[in-house]
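Participant: Feature list, courtesy of TrEMBL:
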{"type": "DOMAIN", "residues": "B:29-431", "note": "domain 'Major facilitator superfamily (MFS) profile'"}
{"type": "TRANSMEM", "residues": "B:47-69", "note": "transmembrane segment"}
{"type": "TRANSMEM", "residues": "B:106-127", "note": "transmembrane segment"}
{"type": "TRANSMEM", "residues": "B:161-181", "note": "transmembrane segment"}
{"type": "TRANSMEM", "residues": "B:187-207", "note": "transmembrane segment"}
{"type": "TRANSMEM", "residues": "B:257-280", "note": "transmembrane segment"}
{"type": "TRANSMEM", "residues": "B:286-305", "note": "transmembrane segment"}
{"type": "TRANSMEM", "residues": "B:317-334", "note": "transmembrane segment"}
{"type": "TRANSMEM", "residues": "B:378-403", "note": "transmembrane segment"}
{"type": "TRANSMEM", "residues": "B:409-428", "note": "transmembrane segment"}
Amino acid sequence: MSDTEPKGLGKKRTLVLIVIAVLVLGAAGVYSVQAFQRYQERTSGASAAALRDSMPEGDRIVFRNTAPGEGYGSMAAVALNAPSGQRALTDISCDRVAERAGLVSCMKTRRGIPTTFENDVLDAEGNLVETLPLPGIPSRTRISDGGLVATTSFVTGHSYAAGSFSTETTVTRADGTGYGNLEDFTMMVDGEELTAVDRNVWGVSFVSENEFYVTVASGGKTWLMRGSFSAKTLTSVIENAECPSVSPDRSRVAYKKRTGLGATVHWDIAVLDLKTGKETIIGLRDGFDDQLEWLDNDRLLYGVPRAGELGDSDVYVIDARAEAEPEVLIEHAWSPSVVRTAG
Amino acid sequence: MYLSLSDWRSNKASNTSRAAQVAFKASPTVIALGIVSMLTDISSESVAAILPMYITGALGLSMIAYGFFEGLNQSASALVRIAAGYAADQTSRPKPVAVAGYGLSMVARVGLLFATGFAGIAAVIGVDRVGKGIRTAPRDAMIQQASQPEHLARSFGLHRLLDTIGATVGPMLAFVVLLLVPDGYRAVFVLSLAVAILGVAVLVLVVPNRKLGAKPLPAAQAHNSPAATAEEPGRSIRALKFKPMLRMLSRGRMGRMLCAAGLLGLLTVGDGFVYLALMAHGTMDYFWFPLLFVGSNLVFLLLAIPLGKLADRTSRAAVFVLGHLALALAYLCASGGGSLIFIVSALAALGLFYAATDGVLAALAGQLSPEGSVSTGIGAAQTVVAVARLLSATGFGVLWVLFGANLALLGAAALLLLVVPLAWYLLLGKSSQPAEEN
């Protein structure tokens, strides 16, 4: 760049600027139109998954259907004894979904200016019981046997230059009453109260109507904490554990354990025996990032995004023992929730 | 107070007193840089608005690990900012440094199209922030150089106005795209890249590559020849070497200014907390939360130029310091209650605060920097403020948890009211008399 540039913007520069503007904005416009067309095809064509007309009777797995085509993003269900078989689609659209105790918790994004988020609580027939506004992006939801609904959302700042985000985890009943934000509970780490500012709470898993497990994070550390609604306390159980999931027989808790330090983030599965306190690590080559769900007392489910296919994912199953290998259980699925009708 | 104000006005530059006499002409370079910033902000804020949804919704990752990269990025960005200002001063050429900064952020947009893992996303964001850190100081040095000295704060106000328009339009654009194409994150990224390329093109093609220290063009000439390059008439400005630069930053009026700005920054807890406190009264639905930011931005847009003008006519230092009274008012309103009057007043006060301090700080730092150290001076002032605000946000969070939102805000307002006179003394008091400097 020289000091002796021509006076004025100059015809040549103006022309170059106009050409660049037309080229880049034109290209972006064309791409946007194509993206719109692709979206239309993806959501209106035949589903990439095999469909059935009626909801499966008895025990089932409900999930978010991510198969391209009709019903993309909707809540779907497969029979528990034929999880890889045909799925029934609902017209309920959810980002995260859980079903238990005759209630469905459906966390969803409402597109608009600005985009907002909400949690729809529905009954087993799909009728809306209550809509609860969410302060941020849907992340985790679970329901207790007695109908307590737990949700975790990510609350982000306006700008990633500020880079601030936090989680908000609330537990409410379908009628809107409940225990509010778990961040207001008293938190104890190894006998000392945790008063740090950057406390974040996420991923509730219920033991009973009064007890639950949850993740608490502060200062780059995470803890598995046991919570009590009546005492309004959270008490640390073990360090480095996220997104707990209590087994159906209540004897174990499975969670994400962060392994591998530095710039890469990698989580393996860990299972904690609540009686013996023994922690079993199940190493995963590709890692995972989801709240585990127990298929039964021996097997775990989790979602994995498909590489190279944005917005599509599969649900994997893995034995809850060391050296186990995961395999795909439900294709084009996300956010699995096992619904047991008996006992 | 006004005695010391008028004393201070009679400093060697005495630019402020002349502001009323010299007609303001918006420099084409300042407007061009404003458009560059507007395009760049449309580009970055459109991505910022949807990135969390993209990470969680489309990539299926949790946001948790995102936090681990934060501290690192923040501190890297602050260091880079001073370094880039220093580099611009040493080479006497801010434009190539600014181009590098804007270009780096543009490259980050390309990376966004391909990054799908956490490490990839984190790297892209890191590169973008480094770019942001690099470009700010040299760009403000270019604004300073292209502006009439009498109307420096007004020129910065004009630039920040355009910048903020971009920051407001960006998220809206992204939400419109997602409304039409619900999973159209990539379309937003492509649009963002296109706008970023356009911004860099305007910078490269329209903004002149002038040597620092070159006398600003006479207004009339500048008006007629936007891309004119002032030939240096045999005068060359030597950049300060490292040690004199440090001395310049740590002593005298510049040192006191950095000290005052840092002190005030320590009580600037961030508008996010003000919005959260307003939300905490429970009178507003979550739906309104993102719109609070738009509200204070609108006030900023209305006031950025008038307050720059006021600063030029009276005293930049005074407007900068007193602007923090508006911040104290915003704290008080936010802690006052959730009724409409408190919400509107808090947003208006916040907008007023940013209008009185954002561009004015750059103008003040530029004015106090000796020739050959303008980029470093501005970069240092912005870094001091940014770091102080970061500390403030962290510290304030503790108070928030311990005492609750309202009491914490009241405390911050009270401390601010104590620090404002101190900052006034540092910047405008007896010891700040220019005679001592020269």
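Placed from the backbone N, Cα and C atoms, the Cβ positions cover glycine too.
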Participant: Which sequence-distant residues neighbour the transmembrane segment (B:187-207)? Criterion: at least 6 residues beyond either end, Cβ under 8 Å.
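Facilitator: Answer is 29, 32-33, 35-40, 42-44, 46-47, 50, 95, 98-99, 102-103, 105-106, 109-110, 112-113, 142, 173-174, 177-178, 181, 226-227.
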Participant: So, taking each listed stretch (B:161-181, B:257-280, B:317-334, B:409-428) in turn and counting its Cβ pairs to the transmembrane segment (B:378-403) that are under 8 angstroms, which one gives the highest count?
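Facilitator: Comparing B:161-181, B:257-280, B:317-334, B:409-428 against the transmembrane segment (B:378-403), the winner is B:257-280.
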Participant: Go through B:161-181, B:257-280, B:317-334 and flag the stretch with the largest number of C-beta pairs under 8 Å relative to the transmembrane segment (B:409-428).
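Facilitator: If we count Cβ pairs closer than 8 Å to the transmembrane segment (B:409-428), B:317-334 scores highest.
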Participant: Quickly jot the same-chain residues contacting the transmembrane segment (B:317-334) by Cβ under 8 Å, restricted to those at least six beyond its ends, or write none.
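Facilitator: Non-local partners: 5, 8, 153, 257, 260-261, 264, 267-269, 274, 277-278, 307, 310-311, 342-343, 345-347, 349-350, 352-353, 355-357, 360-361, 364, 405, 409-410, 412-413, 416-417, 419-420, 423-424, 427-428.
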Participant: When the pLDDT values for the domain 'Major facilitator superfamily (MFS) profile' (B:29-431) are averaged, what is the result?
Facilitator: 86
Participant: In terms of Cβ proximity under 8 Å, which residues at least six beyond the ends of the transmembrane segment (B:161-181) contact it?
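Facilitator: Cβ under 8 Å, 6 or more out: 31, 34-35, 37-50, 53, 187-188, 191, 290, 294, 297-298, 300-301, 304-305.
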